[in-house]
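According to Swiss-Prot, the protein carries these features:
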- Ser1: N-acetylserine (MOD_RES)
- 2-37: domain 'EF-hand 1' (DOMAIN)
- Asp15, Asp17, Ser19, Thr21, Glu26: Ca(2+) 1 binding site (BINDING)
- 38-73: domain 'EF-hand 2' (DOMAIN)
- Asp51, Asn53, Asp55, Gln57, Glu62: Ca(2+) 2 binding site (BINDING)
Amino acid sequence: SADEQKLRERFEALDKDKSGTLSVDELYEGVHAVHPKVSRNDIVKIIEKVDTNKDGQVSWQEFIEAFKRLADLKL
């Protein structure tokens, strides 16, 4: 879908080291730039909830889930 393509582009833009996963820092920098009220701790909490394989990184599938959770935050 068009929405998924936009999310994929956003994911790839945030993935600064092109590892295929997002670190806390990569996700925080990207989200904080758009939503300054989001704290690093907010990002850590979201990653803890969506990081299904517990590697401390956010994969593409985990990113989709994280994005849904971010959309639910009162920003």
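Any Cβ shown, glycine's included, is placed from N, Cα and C.
In the set Ser1, Ser19, Glu26, none of the recorded positions has a C-alpha within 10 Å of the C-alpha of Asp55 (Ca(2+) 2 binding site).
Separation of the C-alpha atoms of Asp17 (Ca(2+) 1 binding site) and Asp51 (Ca(2+) 2 binding site): 19 Å, rounded to the nearest whole number. Apart from the site residues Asp51, Asn53, Asp55, Gln57, Glu62, the chain places the Cβ of Thr21, Ile47, Val50, Thr52, Lys54, Gly56, Val58, Ser59 no farther than 8 Å from the centroid of the site's Cβ atoms, the recorded Ca(2+) 2 location. Per-site Cβ counts within 10 Å over the binding-site residues Asp15, Asp17, Asp55 peak at Asp15.
Glu62 (Ca(2+) 2 binding site) has Thr21 nearby among the recorded positions Ser1, Asp15, Ser19, Thr21, Glu26, counting only those with a Cα within 10 angstroms of its own Cα. Distances between the Cα of Gln57 (Ca(2+) 2 binding site) and those of the recorded positions Ser1, Asp15, Ser19, Thr21, Glu26 are shortest for Thr21. Checked against Glu26 (Ca(2+) 1 binding site) by C-alpha proximity, the recorded positions Ser1, Asp51, Asn53 yield Asp51 as the nearest. With respect to their backbone Cα atoms, Asp15 (Ca(2+) 1 binding site) and Asp51 (Ca(2+) 2 binding site) stand 16 Å from each other. Asn53 (Ca(2+) 2 binding site) sits 12 Å from Thr21 (Ca(2+) 1 binding site), taking the C-alpha atoms as the reference points.
Other residues of the chain with a Cβ within 8 Å of the Cβ centroid of Asp15, Asp17, Ser19, Thr21, Glu26, the Ca(2+) 1 site, are Leu14, Lys16, Lys18, Gly20, Leu22, Ser23, Gln57.
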